[in-house]
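Annotated features, as they stand in TrEMBL:
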| type | residues | note |
| --- | --- | --- |
| TRANSMEM | 6-27 | transmembrane segment |
| TRANSMEM | 48-69 | transmembrane segment |
| TRANSMEM | 81-105 | transmembrane segment |
| TRANSMEM | 126-147 | transmembrane segment |
| TRANSMEM | 159-182 | transmembrane segment |
| TRANSMEM | 189-208 | transmembrane segment |
| TRANSMEM | 244-262 | transmembrane segment |
| TRANSMEM | 274-296 | transmembrane segment |
| TRANSMEM | 377-399 | transmembrane segment |
| TRANSMEM | 405-426 | transmembrane segment |
| TRANSMEM | 481-501 | transmembrane segment |
Amino acid sequence: MALNIPGLVTLIVFYAITLAIGIWASWKSKKEQKNGKPSEMAIVGGRNMNFFIGLFTATATWVGGAYINGTAETIYLPTRGLIWVQAPIGFTLSLLIGGIFFVNPMRSKNYLTMMDPLQETYGNKIGSLLFIPPLIADIFWFAAILGSLGATMRVILDIGSYLAIIISACIVMLYTLLGGLYSVAYTDVIQLIFITLSLWICVPFALLNSATENIYYTAVQEFYQAPWIGKVQTGYLGRWLDDFLYLVLGSIPWQTYFQRILSAASLRQARLISYLSGLGSFLMAIPSVLIGAVAASTDWNQTSYGLPTPLERGESAMILPLVLHYLCPTYISIGGLGAIAAAVMSSADSALLSASSMFAHNIYRKILRQEATEREVVWMMRVSMVVFGTAAAGLAFLSNSVYDLWFLSGELVYALLFPQLCCVLFIPNTNTYGSAAGFFFGFLLRLLAGEPSLNIPPVIHYPGCSLVDGVYVQLFPFKTFTMLLTLGTIVAISYLVAFLFKRNLLPRRWDVCRVVKENSAFNPPHNLCQIGM
């Protein structure tokens, strides 16, 4: 296959437009800085983001490259199908729950990041420990979607994936470090529009291709492969429920989400953005569902792709770009490539801004250098963007392994961070001891459950654990079970320790975290858990 010159030119133009908008937005943010602190402007847009811009950027954050590619792949896989496409409904419910329960307590105290209430309640030291899972997850997320973009460009443009990864990472880093949330939000607008138009333009051509059978027929009838509507076997119901709850609840404790709602001009707008972006992300999955259904209904031998099929070649993860390239005219598939690139960039910049915001505000300013000026914090954000972005671009060359690591780190965010956030917002009197105990206990439980993708065998064999092709598979909803045990540990240890100190069953001098605040003759000379506040 020769280099696709028209596609390359189109992509360059798209990147140039995105970069120009990002630079313009950075100029706009500088004009607005006179009304607020520079770091606040970079992290939450001065808390005065236009409602429609906020809605676009919140929706684009969820509709990333992994979202549109993963949805199509799940539909195409004979062992999965539509019934396993949980992300659209999961994200919709997640954003609905977030709007109902989490928006008000986060905005009422004018927090800048998701880590603020955790550090406020448990201290900066424990807060820095809780920062590790989301930081790793953001970096791996950035790397995984860059790797996906590189593979896509290799299919459609026939260029080295490393070029796509490097160029995309540099552009994202440049406009994000120049304008912070403003640049991310305004570029998200053009990216979301491009995703919507490009994918919907591709769908009719793919559906009407002569190599494709009617998708309504193949949804319930086996033709080229199993019906694409899919099914959940009885033994896998626990796994299905676990994955679904992971998407619904585990999608809340992310800085990318709270950054959007904290940037809205009012509480009402923040809630509306949360609700409507959930609906938007659901609607944006429809083209990917149709493309996945087309792939499952296609006789690939009638296309220039030929046999064996993408499934047999191990290229199921690339099914969306394959459909665009082999079932659509060239000029149409180029537009689809732009949609994938836009989806990747809309998520990549969010992950980069999320990680750098938490590091600069919660680690650098609150722990490493409390006397840091506003200008210093902003520059630390920029430096961390370059460091994290470079690390993610380097990891992107190991795209398959990185995707597994991102998924595992996302599970840790669900199992460890979600219960911590629930405790500080909704359960009074939890303390540092409970937080630390919950973190280490939950982390240990998750590791003992094993991870097949990383060749970590399970030590704990939950009910239903079975050996499939030499690999142990946990069918029990262990992720949600771990999350609930972490939550219970935080609450139980917090109240138990407080009870023991208040009843003098433990010496007060052991209370280094000062969880007992009642007046007493004893006052520890230092609060070791709060040092750095």
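The first residue you see is number 1, and the count goes up from there.
Note that Cβ sites are derived from N, Cα and C of the backbone, with glycine treated the same way.
TrEMBL: automatically predicted annotations, no manual curation.
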How about the transmembrane segment (377-399) and the transmembrane segment (189-208): do they have 3 or more C-beta pairs under 8 A, pairs 6 or more apart in sequence? no
Leading contact stretch, 6-27, 126-147, 274-296, 405-426 vs the transmembrane segment (81-105) - CB distance under 8 Å: 274-296
State the residues, same chain only, that lie 6 or more residues beyond the ends of the transmembrane segment (405-426) and have a CB under 8 A from a CB inside it; answer 'none' if no residue qualifies. 101-102, 105-106, 114, 117-118, 120-122, 130, 133-134, 136-137, 140-141, 143-144, 246, 249-250, 252-254, 434-435, 438-439, 442-443, 445-446, 451, 453-454, 479, 482-484, 486-487, 490-491, 494
Please check if the transmembrane segment (126-147) comes into contact with the transmembrane segment (189-208), where contact means 3 or more CB pairs closer than 8 Å and the residues in each pair are separated by 6 or more positions. no
Close approaches to the transmembrane segment (244-262) from elsewhere in its chain (Cβ under 8 angstroms; 6 or more beyond its ends): 43-44, 47, 54, 57-58, 61-62, 86-87, 89-91, 93-95, 97-99, 102-103, 106-107, 111-115, 134, 137-138, 181, 270-271, 273-274, 277, 350-351, 353-355, 357-358, 410-411, 413-414, 417-418, 420-421, 477, 479-480, 483
Contact ranking winner - 6-27, 48-69, 159-182, 274-296, 481-501 against the transmembrane segment (189-208), Cβ under 8 Å: 274-296
Relative to the transmembrane segment (48-69), which of 6-27, 159-182, 274-296, 481-501 accounts for the most Cβ pairs at distances under 8 Å? 274-296
Apart from its near flanks, which chain residues at least 6 from the ends of the transmembrane segment (159-182) lie with a Cβ under 8 angstroms of it? 3, 8, 15, 18-19, 21-23, 25-29, 32, 41-45, 49, 146-147, 149-153, 259, 263, 341, 344-345, 348-349, 352-353, 381-382, 385-386, 389-390, 392-393, 396-397
What parts of the chain pack near the transmembrane segment (481-501), using Cβ distances under 8 Å and only residues at least 6 beyond its ends? 249-250, 414-416, 418-420, 422-423, 427, 429-431, 433-435, 437-439, 441-442, 445-446, 449, 462, 508, 510-511, 515-516
